[in-house]
């Protein structure tokens, strides 16, 4: 029995050794390769500068050493990592003829992308809970949201992302592949990898459905419950100024949540057919490439303190340069 298990493992290892994946991306539009490259390069540059800039701004301005910005700096870090896992390969494939990616490269890309998307899902939920405590219990805020609890919530988001990713990757590694496999997308996402396997994918597909549904429902329950209480509290406020202030602190976060979960819902609803592949790719571009760029813009453009810190940084640098 042990001998047969060992030989099966050896056969699988030999199969995966020569396995490559070819990421089709947007190759069916040859005329758009250069314009798409320039668009995605611009988006990626803004993403890197925006997210790393946000982390730097939060670090250097003592005014921003609050819990809200502690969560925001982690969201920026996750967005930067998420975008860096996917966009460089997408850019490369728009300018080179050979669009292949090794078996290990493909699995690693999926592994890291999965960690960061799950972490972001729960980071946004944690931020909604933080806003709920800040608006509904402002006097107890510093007690209820201690630095220790906030660190634990952030650590739990990362840990759960790693657990989900390890589980899904393990089930992907159980599948068998042969030779060159064409993936009709620009990155190694689960459904595309499973589609080119020639072994039974039932367990892998079921586990991804269960984990995705659990993550989406549980994070949305936290978000919707938090905002329901926030809305009730704000509507009870006697002054219009107080109401506006409370709503403005939540507006950026609500915008980020709506875009992120709206895109995921759209991907859920798209039928899994040959004709819908373009819609899937466009929606995938949105949540893997565009959203990591939008988050720092959403939070910085609506924030006085962030804008003030950036202005001071620019002036200081210009003075030094002169």
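Cβ coordinates are placed from backbone N, Cα and C, and glycine is handled just like the others.
According to TrEMBL, the feature transmembrane segment maps to 36-60 (among others).
Restricting the average to the domain 'G-protein coupled receptors family 1 profile' (50-299) gives a pLDDT of 88. Taken from TrEMBL, the feature domain 'G-protein coupled receptors family 1 profile' applies to 50-299.
Per TrEMBL, the feature transmembrane segment maps to 67-87 (among others).
Remote same-chain partners of the transmembrane segment (107-129), defined as residues 6 or more beyond its termini with a Cβ less than 8 Å from a stretch Cβ, comprise 68, 71-72, 74-75, 78-79, 81-82, 85-86, 89, 101, 153-154, 156-158, 160-162, 164-166, 168-169, 172-173, 187-190, 193, 215-216, 218-220, 222-223, 226-227, 253, 256-257, 260, 287-288. Positions annotated as transmembrane segment by TrEMBL: 107-129 (among others).
Sequence annotations record features per position, and here TrEMBL assigns transmembrane segment to 149-173 (among others).
Residues annotated as transmembrane segment in TrEMBL: 217-234 (among others). Within its own chain, the transmembrane segment (217-234) has Cβ neighbours under 8 Å at 121-122, 124-126, 128-129, 131-132, 135-136, 243, 246-247, 250, 254, 257, 261, counting only residues six or more beyond its boundaries.
What TrEMBL records for 246-268 (among others) is transmembrane segment.
Marked as transmembrane segment by TrEMBL: 280-301 (among others). A Cβ distance under 8 Å defines the sequence-distant neighbours of the transmembrane segment (280-301), meaning residues of its chain 6+ beyond its ends; these are 26, 40, 43-44, 46-47, 50-51, 53-54, 57, 72, 75-76, 79-80, 82-83, 86-87, 90, 113, 117, 185-187, 189, 252, 255-256, 259-260, 263-264, 266-267, 270, 307, 310.
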**Report entry** Range from 67-87, 149-173, 246-268 with most C-beta pairs under 8 A to the transmembrane segment (36-60)
**Finding:** 67-87
**Report entry** Residue numbers, six or more beyond the limits of the transmembrane segment (149-173), whose CB comes under 8 Å of its CB atoms
**Finding:** 67, 70-71, 74, 107, 110-112, 114-119, 122-123, 126, 129-130, 190, 193-194, 203-204, 207-208, 211, 215
Query raised in the report: Taking residues 6+ outside the transmembrane segment (67-87), which of them lie with a CB under 8 Å of any CB in it?
Result: 40, 43-44, 47-48, 50-52, 54-55, 58-59, 109, 112-113, 116-117, 119-120, 123-124, 126-127, 130-131, 134, 145, 147, 150, 154, 157, 186-187, 249, 288-289, 291-293, 295-296, 299
